[in-house]
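This report concerns only the one structure given below.
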Amino acid sequence: MPIKVEDYYPRETFNKMKAFADQHETPFVVIDTAIIKQAYDDLRAGFEFAKVYYAVKANPAIEIIELLRDKGSNFDIASIYELDKVLSAGVSPDRMSYGNTIKKARDVRYFYEKGVRLFATDSEADLRNIAKAAPGSKIYVRILTEGSTSADWPLSRKFGCQTDMAMDLLILAKQLGLVPYGISFHVGSQQRDIDVWDAAIAKVKVIFERLKEEDGIVLQMINMGGGFPANYITRTNSLETYAEEIIRFLKDDFGDELPEIILEPGRSLIANAGILVSEVVLVARKSRTAVERWVYTDVGKFSGLIETMDEAIKFPVWTEKKGEMEEVVIAGPTCDSADIMYEHYKYGLPLNLASGDRLYWFSTGAYTTSYSAVEFNGFPPLKSFYL
Ligand SMILES: *Cc1c(COP(=O)(O)O)cnc(C)c1O
């Protein structure tokens, strides 16, 4: 099926991005910041009571940090480098959390010295580091969630702990002079099954109740992470539907007296705002009679498209060329055979596609520039422009 522009961008926006793209040499990502603003407003409208902490790793461009700063967003920070960048944009540290559960004690201290007082954890070793390096801070414990098969980019197994361990950690946090503040989870990025939030919220509810009854600890916050959808080939429900359903789950468990709710969107805020523009380097067949063509482009797994690993994220690929379509394998420009984006999932591209033609990878605003290698085969990092 050919990709239709209108399914992904308003025509006028697309024309503007394309006109800009026509002036520049590939490969690069062009990002329309108006789409990010709209996505932020839509999220706020869907979850009126929630605080947004933008997951900086999705796209750490200063243009995006400043835009979200001005919108009043908070920031979920994963390293001292992200911290310095967001601080240098003039965001105050009370609008930040240190959401990475894997961190060095000296980095915890750095965050504390810079004024950050909200920390994620999922292990005793990390919690003890925080107690020493960031005394008196607020702690939220990340729990494991299900849903890794319905998320296109799962984040669950490496992070989080079981319910019992989460309770132990919050009790210990109190003993260590920290503030046991809340629970977080991340149901997996590009999570297509909304029901996994139901299961996660139910787990949180049990922890809230048991800690209150058994230990007199009153938690105040639920951090529901990211996982909200972007538009790729595999369609999802609308953000509106996500919001309606998730709010229903929250009210079922917590009634009208909701605790503080935090969201940490990355992908859903940024992805739809970007188009990665690449050029066809070669089109080749492996034998005289081979039906399948190989399309090699000047962008690949190591220059922004790592989320094509295991063909997890299926980016819509558009070309101006029209005409009869045939199945292709799409691969990158480097000397690494892992640098094949799509082979099993059958992309169709026009038969008359040739060297020099451009391919437009839609919905590539998030997790492209930040994942790009710096010098593999000498190729420079992926460029990006912000309109
Ligand atoms: C990556 C990440 C996010 C963002 O997730 P998306 O699915 O991109 O919205 C949020 N929270 C944490 C802790 C993360 O690591």
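Even glycines carry a Cβ here, placed using N, Cα and C.
According to TrEMBL:
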type     : residues : note
ACT_SITE : Cys335   : active site, proton donor
DOMAIN   : 36-271   : domain 'Orn/DAP/Arg decarboxylase 2 N-terminal'
MOD_RES  : Lys57    : N6-(pyridoxal phosphate)lysine
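Confidence over the domain 'Orn/DAP/Arg decarboxylase 2 N-terminal' (36-271), given as mean pLDDT on the 0 to 100 scale, stands at 96. Across the recorded positions listed here (Lys57, Cys335), the residue whose Cβ sits among the most other Cβ atoms within 10 Å is Lys57. A distance of 27 Å separates the Cα atom of the residue listed as 'active site, proton donor' from that of the residue listed as 'N6-(pyridoxal phosphate)lysine'.
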